[in-house]
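Per TrEMBL, the features are:
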{"type": "COMPBIAS", "residues": "164-180", "note": "compositional bias 'Basic and acidic residues'"}
{"type": "REGION", "residues": "147-194", "note": "region 'Disordered'"}
{"type": "TRANSMEM", "residues": "20-47", "note": "transmembrane segment"}
{"type": "TRANSMEM", "residues": "68-85", "note": "transmembrane segment"}
{"type": "TRANSMEM", "residues": "91-119", "note": "transmembrane segment"}
{"type": "TRANSMEM", "residues": "243-268", "note": "transmembrane segment"}
{"type": "TRANSMEM", "residues": "310-329", "note": "transmembrane segment"}
{"type": "TRANSMEM", "residues": "349-367", "note": "transmembrane segment"}
{"type": "TRANSMEM", "residues": "437-453", "note": "transmembrane segment"}
{"type": "TRANSMEM", "residues": "465-486", "note": "transmembrane segment"}
{"type": "TRANSMEM", "residues": "492-512", "note": "transmembrane segment"}
{"type": "TRANSMEM", "residues": "524-543", "note": "transmembrane segment"}
Amino acid sequence: LPPPTALLFPSSPQEAYCGYAIILMALLWCTEALPLAVTAFFPVILFPMMGIMDASEVSVEYLKDTNILFVGGMLVAIAVEHWNLHKRIALRVLLIIGVRPALLILGFMLVTAFLSMWISNTATTAMMLPIAQAVLEQLHKMPMGKDVEEGRNNPAFELQEPSTQKEETKLDEKDNKQDHPVPPAPSKPSMQQNKEQLHFNQGMSLCVCYSASIGGIATLTGTTPNLVLQGQVNSIFPQNANVVNFASWFGFAFPAMVILLFLSWLWLQVLFLGFNFRKNFGLGDEMREQERAAFDVVRREHKLLGPMTFAEKAVTILFILLVVLWFTREPGFFTGWGNLAFSDKDGKSMPSDGTVAIFIAVIMFIVPSKIPGLTQDPGKPGKLKAPPALLSWNVVKEKMPWNIMILLGGGFALAKGSEASGLSTWLGDKLTPLESVPSPAIAFILCLLIATFTECTSNVATTTLFLPILASMAQAICIHPLYVMLPCTLSASLAFMLPVATPPNAITFSFGGLRVTDMARAGFMLNIIGVLVITLAINTWSIPMFDLHTFPSWAYSNATASCWVSQANTTTPRP
């Protein structure tokens, strides 16, 4: 191992300056002494003054193709939320699955995970929790209560779409009690019933926030760390053949998400419902009336939505078109439309996933929300009024999280500065002793480290700080960079133990009925399960998908010249 003085004092002052900038930003991101987006602007100030990069070069990093993909994906998600399409999907799935205890938890987890694949996990949690509370209220009431018979609306369903500012802050307890009234306790229940109901309530609340975090890992735009990975790979390894795109990420992460979601459902069921699976699946006659009452709540709220409007149908069609275009642009296993119609001289697709997202988003600003010609202008009798478009800029201004876009850019600037200053190369050289450690062990230990670190720090900040270091390490010890970068990116979403770990956890905790120990007890085992599932994914189906058994040519640099020799002399692949 190198002496401490060599670690503290690199050979070049630029390396030390860049290391200082990274440490300073890491401290500010961990403590949140400044807003995360404000800290992300530090490279614009520090790198030119330290002689690391020109100001114009740093500024370019803040609006790369990955940022455009984020903006386009968020615009489509905002349209889905604005027209309440996500609520219709959620209620419809719950009607299909039913309200028996184990199946109810599974239903909420499936719906929440699916919605979180496409829209913000914070918005998904904020929408699903009131629905869960309303259903639980009916399950714990006397059967066929007065409000069910009269068909009254349940106040817990009065959903309010959270603004961007509200998503960034913890919900105020007083406001939460006004917006989401705590369900009244059942009349004169036994102590055993009280305990079972409390456990069921806790399991339902946690299943929503956990599945929101799990669902986000399945798609490239599902959660911001996935986009950080794509941007870092494209920035650090510009010669890579667009190896991380929507289709390749989905093929790798979606099976891992499904396995993790299923195991999480089993764990939550055992932890909060017990081992009486006959009762959990509602095979007995108990709770039949209460289940019918809860089912009536879901059915009534679905009926109140009415038939699908023209706007909902238009958003659905455009959303499906977006997903199809993402999958077929450059899938890799067959020639995509990007390779056929818009290829460069090397046959690669010139449009990116960001191009597709912005294209669909622009269409949403053009397509009307109602069939044109049927709306009368109240101010001008006899004249027709043009209906509003599916998306308006006023709606986008309120709901677009611009701070995340800046945070992404700050991470890309850090990675570029590390490369330009030589810090990445220096750090990679210091990590060469890890070459003697088996690759699966390295990946497993790094996953545990990231999963622990992300409990106390923003998952975006975690991936932004660690991915450039992992890329340098992979180059130094001659393993495929994605072999360590992919699992660590997924591990950054394993924030299950603390209320402050991620916004969905904070929202769930603010609803009441949970202690920190309850969340930590359930989340600790989920972290372990998550790390094991990710380790399984990176050592099985991801190897042929990304060709992880070889060191890629696009990852070679001056520092990895020895990899040519080791690659030629090695018969057994490292991973």
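Along the chain as shown, the residues are counted starting at 1.
The backbone N, Cα and C atoms fix where each Cβ goes, glycine too.
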Legend entry - Cβ-based contact of the transmembrane segment (524-543) with the transmembrane segment (243-268), 3 or more pairs under 8 Å: yes
Inset, instruction - With a Cβ cut-off under 8 Å, give me the same-chain residues at least six positions beyond the ends of the transmembrane segment (91-119) that come close to it. - result: 73, 76-77, 80-81, 125, 127-128, 131-132, 135, 139, 200, 203-204, 207-208, 210-216, 218-219, 221-223, 257, 261, 264-265, 268-269, 273, 277, 279-282, 287, 291, 294-295, 298-299, 301-302, 305, 319
Inset, instruction - With pairs restricted to those 6 or more apart in sequence, evaluate whether the transmembrane segment (68-85) and the transmembrane segment (437-453) have 3+ C-beta pairs under 8 Å. - result: no
Inset, instruction - Look over the recorded stretches 20-47, 243-268, 437-453 and say which has the most C-beta pairs under 8 A to the transmembrane segment (492-512). - result: 437-453
Legend entry - Surrounding residues of the transmembrane segment (437-453) on its own chain - C-beta under 8 Å, 6+ positions past either end: 462-463, 466, 470, 479, 483-484, 487-488, 490-492, 494, 527, 530-531, 534-535, 538-539, 574-575
